[in-house]
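S.K.: Structure incoming, see below.
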């Protein structure tokens with residue numbers, strides 16, 4: 001099986017063309033491939049499939065390193081767009097794809113950045129899903145013997161965003177896994193720790209569902225900005241500084257899609273016998 005290794009700000013992926021290759025990934029195989037000592041090593045596996053709808057170009061599938069399939073990965077979406085052009089699967093700059101729970105438009109810019117229409121953030125608890133009686137801008141949660149104030153949003157996948165004074169000292173390693181599997185998130189969640197530097201600049205660390213802390217989380221950056229705007233903390237255009245680098249997020253508010261712009265890097269091509 002041929003594959004490519006790619007990354008978006010250090011969030012790394014194994015990307016496989018299932019348009020011209022016949023492939024099947026069991027959870028066990030994915031876990032073996034994800035092992036950084038015995039396999040290829042990655043945060044997520046991205047699979048390019050033929051479209052299910054003639055109006056679309058491809059179907060986009062995402063698997064975490066633990067073998068679980070998820071519906072969204074923003075950094076992966078940028079790498080997906082770069083991959084299909086590099087491999088000659090399309091020469092379009094506007095690439096329309098379906099995911100497990102919707103559709104996306106990926107735009108490759110002239111300077112090889114990728115702009116992703118991530119859709120409109122959904123704050124309804126049932127959409128996340130999150131157990132709550134009604135939608136609130138801020139929720140109170142109990143976790144690890146602490147009272148946590150957080151915002152909750154779906155970007156096609158579940159996110160919880162906590163504001164912290166300093167991301168460098170935030171309890172990502174301890175609080176992240178506790179909140180990820182909190183009973184109020186029946187499908188688990190990605191946990192973002194957000195430091196507001198200015199109204200147009202945040203710092204962010206994300207503990208990803210099924211992957212742990214990563215160098216960058218695209219949908220997590222989108223979620224943090226959406227929650228920050230909803231809570232009145234941020235402007236419509238925000239620079240997000242992650243451990244792996246920078247993303248630019250723009251959202252005009254309810255009724256509008258959110259846009260993420262950032263790099264996608266091709267590292268190498270490989271071949272593996274399964």
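Each position is counted from 1, following the chain as shown.
Every residue, even glycine, has its Cβ placed from backbone N, Cα and C.
These figures come from a predicted structure and were not determined experimentally.
In case it's useful when we look at the structure, here is the feature table from Swiss-Prot:
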type     : residues                                         : note
BINDING  : 11, 44, 64, 74, 75, 157, 190, 208, 209, 218, 219 : substrate binding site
ACT_SITE : 73                                               : active site, proton donor
ACT_SITE : 217                                              : active site, proton acceptor
SITE     : 268                                              : site 'Important for dimerization'
S.K.: Using other CB atoms within 10 angstroms as the count, which residue among the binding-site residues 11, 64 scores least?
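M.R.: Looking at the binding-site residues 11, 64, the Cβ with the fewest others within 10 Å is that of 64.
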S.K.: Spatially, and counting Cα to Cα, which of the binding-site residues is closest to residue 73 (active site, proton donor)? Options: 64, 209, 219.
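M.R.: Nearest listed residue in space: 219.
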S.K.: Any idea what DSSP makes of residue 64 (substrate binding site), helix, strand or coil?
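M.R.: SS state of residue 64 (substrate binding site) = strand.
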S.K.: Check the DSSP secondary structure of residue 219 (substrate binding site), expressed as helix, strand or coil.
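M.R.: The residue in question, residue 219 (substrate binding site), is helix (DSSP, three-state).
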S.K.: Can you tell which of the binding-site residues (75, 190, 219) has the fewest other C-beta atoms within 10 angstroms of its C-beta?
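M.R.: Lowest Cβ count within 10 Å among the binding-site residues (75, 190, 219) is 190.
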S.K.: For residue 268 (site 'Important for dimerization'), just count the other CB atoms lying within 10 A of its CB, please.
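M.R.: Step by step: centre on the Cβ of residue 268 (site 'Important for dimerization'), count other Cβ atoms within 10 Å, giving 8.
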S.K.: Looking only at 73, 217, the active-site residues on record, which one has the least crowded Cβ, with the fewest other Cβ atoms within 10 Å?
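M.R.: Minimum Cβ neighbour count within 10 Å, taken over the active-site residues 73, 217, occurs at 73.
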S.K.: Whole-number Å only: compute the distance from the Cα of residue 268 (site 'Important for dimerization') to the Cα of residue 64 (substrate binding site).
M.R.: 20
S.K.: Would you count the other C-beta atoms found within 10 angstroms of the C-beta of residue 209 (substrate binding site) for me?
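M.R.: Here the count is 26.
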